[in-house]
Structure formats: structure tokens, C-alpha cells
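A short worksheet on the structure shown next.
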Amino acid sequence: MHKRTYLNACLVLALAAGASQALAAPGASEMAGDVAVLQASPASTGHARFANPNAAISAAGIHFAAPPARRVARAAPLAPKPGTPLQVGVGLKTATPEIDLTTLEWIDTPDGRHTARFPISAAGAASLRAAIRLETHSGSLPDDVLLHFAGAGKEIFEASGKDLSVNRPYWSPVIEGDTLTVELVLPANLQPGDLRLSVPQVSYFADSLYKAGYRDGFGASGSCEVDAVCATQSGTRAYDNATAAVAKMVFTSSADGGSYICTGTLLNNGNSPKRQLFWSAAHCIEDQATAATLQTIWFYNTTQCYGDASTINQSVTVLTGGANILHRDAKRDTLLLELKRTPPAGVFYQGWSATPIANGSLGHDIHHPRGDAKKYSQGNVSAVGVTYDGHTALTRVDWPSAVVEGGSSGSGLLTVAGDGSYQLRGGLYGGPSYCGAPTSQRNDYFSDFSGVYSQISRYFAP
């Protein structure tokens, strides 16, 4: 290589490296997106295996009666109040939550571990998750204790002793059907009589969380909504990347067992390895106990414009494991979580900008209205730094056609950067819009990422 050419090439590389470092440095005003290169663990995405595949399910278990239909209907209104997550499950409790583990049918594996299965059921449930307390008589639980969870679907999820806390119950993943099968796996040096297990409550879903109707039934969004794949930008790398950063959130309140849906966005950062930073709304996750129950659903979209259930993306992936709250500001409705498990391959770490959004900007929103497959809405920023419903520093967006709904809460307000990529600028609080609303009500409000970036910038760089 010619000496001058070589020096020029080195200079270009140095400048590129410097730019990359500047974007990753604390206090940087923006950052481009990036494709995920890590692989989620099979245990957290439903690809675990039973330790004893041929074991029988013990008759002993916990069984819950179905809740009154009017209670289920009352819990999930068609138009929840702005600033509230969409409720999709109700809590059921029992007066006899304990299971005597010594009464189960135990079978040893070839390596000496002890395994047993038992059912947790709720009459008529389309989907189900359970709160489980498992502890030794001394209180602490060995890390090598395993729990496997399965329902009517093919997924088998896994949790270990380190996932369970003596301070609060562990909420299982949401499974399909009215019966959750639990396999308990104990190390060779631990006996069933050494443990106490109880199931104080379950969260009951009257409709399937994963097979929600696409134009009728639970999860069906309004008629004005636009499938994400129908957007004119669909098929471009920038837009498809932005959709791959968005996930449906499902979480449960330990106080009453109610389960809820919001939308969130995975954010890029300069850490190595990357941290799983996840942006949503403060009104979705109120405390750490709730954050610990979070599971995210990725790639939940149709592959054809206005497709029915048969066109659901076959790559839909459920990620369990919960999250930790890094930042929460109820007044501004901002929330930054860190997922405890690595998202699946193919997700995108969304770029962002901490520069205040300009009035008149074109805004984009990719979201899960009523828990439906991903939808796309586009609108114009008509006011910044406003107060609405007691919340401050919000950005107002006016919608000409498609709007947002319950379940869309927390979804990212995006703008397009000079290079054509998308940048997150805030998260959805809510507002008066609905399909068919008059022009005066076709607007909603988003939090402002730039207004809290000084508080959270340390999480985006080493």
C-alpha cells in the first residue's frame, strides 16, 4: 500500500473510532442503533427441557375456581384511563396454598437428582401464571434447585434457586391453557422434606396472551390501526431495525395478582458487553417487585399487511427473567429498566437522541395496542414541555389517522436522523385519542428522553 494511502486509511479509522467512542462516552447527546449479536439462553425463552421427560404428574397440586365473568370484564375496559397500563389478567387467591412435597411422586435422575411434577390449574383460563414460594427451613435456597414450567404450548421455561427470593414470591412465566405443570428438580443432597412450597395466588387470563384475536376478541386493536408491516417504510433497513427493538411487556402486581400489558424499546449503549437497557413508562412498572415479574414478547407482528392469525411471525419469542429498575420518574412518566436476561438474536438496540425534540417534528410510534401485533402510527409534534393530567415535560403528538390505545403505553416516540435511522425521543404516557375520535382529540402525550438523560447517562457508557 502507498505510504500516503496507508496514512489516510489510518486517519479515517482513527476518526471513526473516535466518533464511536464519543457516542459511547458519558454525556453524549446521541447514539446510533446496533444489531444484537448475543444469544438468549434456552431456559429463558421456552426452550428448556424437563429433567425427567417421562415422569408422571402428581395428582396433588393447587386448583383455583374461575373468577366471575363480570370481574374479568371490569378489569379490562376497552378504553383504560390515560396513564394506566392495560389489564389482561386478574388475581385469584386460595386459602390452602401449601403443597406437601413429601406427598409427590419423586423419581431420581441418573445423576442422582430428585424430580417431581405437580399441576397448578384455574378453571377456564386461556393463559395462566402462578406466584410460587419455595424455601428451605433455613430460608436460603441452593442455586442448583430448578423449576421447569410448561402449559398447553410447546414451551418449557426454567428458573433456578438464584431466581427465587425469600422476600417475595416468584411469578412463573405465562403459559397457554388452564394448567401450569411444574417440575421441581432437587440436587442429590437435598430432600423433599427439607423444603416448603406454596402457591398463594395465580393470575388468570380469560383470553390467550399469545393467540389474541387479530380483528375480534381479546387483543384486537381499533379499526384505524396500521400493521407495522404496512408502513410505507417497511422493508427498509432503518425501519425494520426500529421494529425489532420493540417488545410487548407483560407484568404482574404481587399485591393483587393482576397482570398488565405495555410496550417497551431496547436501547443501544456503549458498554461491553452491552447492557439490556429497556425504555418504557413509569406508570407501567411502579416498583421493583413488579419489575421482577416482567416478561417481554419479541417479533410479535404479522408478516403480511393486515394479515390474520395465520400470518403471525414464526419467530415470536418470549423472554422471561424480569428486570431491575434503574430510573423511574412518576412526574415525568419516564422509566429505564435493565432486563435480567439477554434478548433473543435478531433484536435491535435502538438509537436515541438526548437533544430536545423540536416542535413540528414528524414523530413515529411502533406499539402493541391492546396487546395486538405491532402497529405503526405517525403524527406531528404540536407542543413540547407541556403539562397534561398532572404530568410535566411532555411532548404532544397529533395523529392524522392511526392512533394509540391501551397496551401502547411506554412505546417510543421516534424521529428520523439525518442518516435515515430512527432515534428514540420519549415514551407514551397517553391521551384522549381513539379510532374515530374528532380532530380535537386525536392527540397523545409522550415523555421526554432528553429531560432525564443527565440522570441516566451513566448507564449508557462504561
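Including glycine, each Cβ sits where the backbone N, Cα and C put it.
Per Swiss-Prot, the features are:
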type     : residues      : note
ACT_SITE : HIS283        : active site, charge relay system
ACT_SITE : ASP333        : active site, charge relay system
ACT_SITE : SER409        : active site, charge relay system
DISULFID : CYS224-CYS435 : disulfide bond
DISULFID : CYS230-CYS305 : disulfide bond
DISULFID : CYS262-CYS284 : disulfide bond
SIGNAL   : 1-24          : signal peptide
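Feature annotations (Swiss-Prot) mapped to structure.
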residue : record                           : Cβ within 10 Å
CYS224  : disulfide bond                   : 19
CYS230  : disulfide bond                   : 16
CYS262  : disulfide bond                   : 30
HIS283  : active site, charge relay system : 24
CYS284  : disulfide bond                   : 28
CYS305  : disulfide bond                   : 13
ASP333  : active site, charge relay system : 30
SER409  : active site, charge relay system : 32
CYS435  : disulfide bond                   : 16
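CYS224 (disulfide bond) sits 17 Å from SER409 (active site, charge relay system), taking the C-alpha atoms as the reference points. Comparing HIS283 (active site, charge relay system) with ASP333 (active site, charge relay system), their Cα atoms are 6 Å apart once rounded. Straight-line distance linking the Cα atoms of CYS305 (disulfide bond) and CYS435 (disulfide bond), rounded to a whole number, equals 19 Å. Residue pair CYS435 (disulfide bond) / CYS262 (disulfide bond) shows a Cα separation of 19 Å.
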